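What follows is a single structure, written as structure tokens, with notes after it.
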């Protein structure tokens with residue numbers, strides 16, 4: 001055999017070794033402890049998860065093995081049946097994680113009534129033979145074993161709504177940490193046929209709804225970033241620095257009003273989208289982000305109506321109106337920037353988008369610093385000239 005043939009053979013062998021782990025990661029290639037067999041297995045479409053199951057129609061018992069890698073080392077995995085919905089709220093959940101004390105995998109039950117209450121609790125139906133194990137050779141994959149008594153109304157349908165999830169490390173006191181809200185996490189749900197079929201596939205339910213919700217989240221983020229995070233700061237810069245130039249009066253005022261009014265309209269649209277998202281996301285609450293958003297809407301609305309009550313320059317109350325107008329304006333500016341960054345952390349977009357927004361704010365900040373220096377030079381020069389006059 002020639003040296004070129006040997007090199008070719010070795011290259012093909014090396015390539016096969018590289019490819020084979022990725023190819024082998026299917027539900028049919030999974031192995032786990034115990035002597036029980038599961039005639040049905042599914043490659044779940046999200047979060048690199050697998051489900052093996054069998055259903056005993058005589059006693060309406062569902063035996064499952066759920067496998068998935070945690071979101072981070074020391075994280076958790078969960079599999080659930082939701083008797084009344086398709087999401088996580090209302091789900092009767094099995095959660096597995098490694099005990100921080102001894103490093104042994106354990107499984108707990110959660111009856112999730114809301115995302116704010118993730119503590120061990122009894123399920124709405126019987127579950128037994130629960131255990132968890134770690135598959136170290138599969139990159140720290142955790143597995144949940146359990147038998148579930150399927151409720152009578154779900155038996156009649158022949159299907160159950162299953163939900164699965166993975167999360168980060170445990171919080172203080174062993175509390176389950178909040179999982180990410182990326183598209184794969186939001187789409188990790190499907191309808192499970194109890195009797196299975198030859199292809200071993202599931203019918204995904206709610207896919208269009210999930211995509212629509214993700215689109216609304218993105219629209220909400222873009223609208224608010226443009227309004228509170230860009231246009232309002234630009235309007236404040238115009239009002240503070242253009243007015244110092246006598247030739248810019250009254251153009252600066254109309255530019256300022258146009259910019260702030262546009263920001264308000266776009267911001268209200270983003271705020272309304274956020275309220276809609278909140279009403280459609282039962283159990284999901286971002287309290288700080290929500291409260292700041294409500295405060296921004298209230299302050300900005302007052303600011304808009306205040307323009308109708310703006311006294312003339314020589315009016316005795318104009319001084320107090322200016323204090324109020326500037327104070328509320330700076331409050332909107334600061335709260336808006338804080339809330340935009342809170343929203344970015346919630347949406348968790350690609351780093352490119354966060355970097356781009358930080359670059360925009362840095363440029364606006366640099367322009368403001370430069371104009372601040374120019375403004376002080378002009379003001380001091382005018383004071384100096386005025387003091388020299390008789």
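Cβ atoms are placed via backbone N, Cα and C, with glycine included.
Because TrEMBL annotations are produced automatically, they should be read as predictions rather than curated entries.
What TrEMBL lists as signal peptide is 1-24.
TrEMBL lists 47-167 with the feature domain 'DOMON'. Helix, strand and coil content of the domain 'DOMON' (47-167), in residues and according to DSSP, is 9 helix, 62 strand, 50 coil.
Confidence for the domain 'Cytochrome b561' (183-380), expressed as mean pLDDT, is 84. The domain 'Cytochrome b561' feature in TrEMBL is assigned to 183-380.
Here TrEMBL flags 221-239 (among others) as transmembrane segment.
Same-chain residues lying 6+ beyond the ends of the transmembrane segment (251-272) with a Cβ under 8 Å from its Cβ atoms: 219-220, 222-224, 226-228, 231-232, 234-235, 238-239, 242-243, 245, 293, 296-297, 300-301, 303-304, 307. As annotated by TrEMBL, transmembrane segment applies to 251-272 (among others).
The transmembrane segment annotation in TrEMBL covers 292-309 (among others). Same-chain residues lying 6+ beyond the ends of the transmembrane segment (292-309) with a Cβ under 8 Å from its Cβ atoms: 224, 228, 257, 260-261, 264, 267-268, 271, 274, 321, 324-325, 328-329, 331-332, 335-336, 338-339, 342.
As annotated by TrEMBL, transmembrane segment applies to 321-344 (among others).
Per TrEMBL, transmembrane segment is recorded for 356-380 (among others).
Proximity of distant same-chain residues to the transmembrane segment (221-239), defined by a Cβ-Cβ separation under 8 Å and at least 6 residues beyond the stretch ends, is recorded for 252-253, 255-256, 259-260, 262-267, 269-271, 273-274, 293, 296, 329-330, 332-333, 335-337, 339-340, 343-344, 347, 349, 357, 360-361, 364, 367-368, 371.
Only residues 6 or more beyond the boundaries of the transmembrane segment (321-344), in the same chain, are considered here, and those with a CB under 8 A from a CB of the stretch are 220-221, 224-225, 227-229, 232-233, 236, 239, 286, 288-289, 292-293, 295-296, 299-300, 302-303, 306, 309-311, 353-354, 357, 361.
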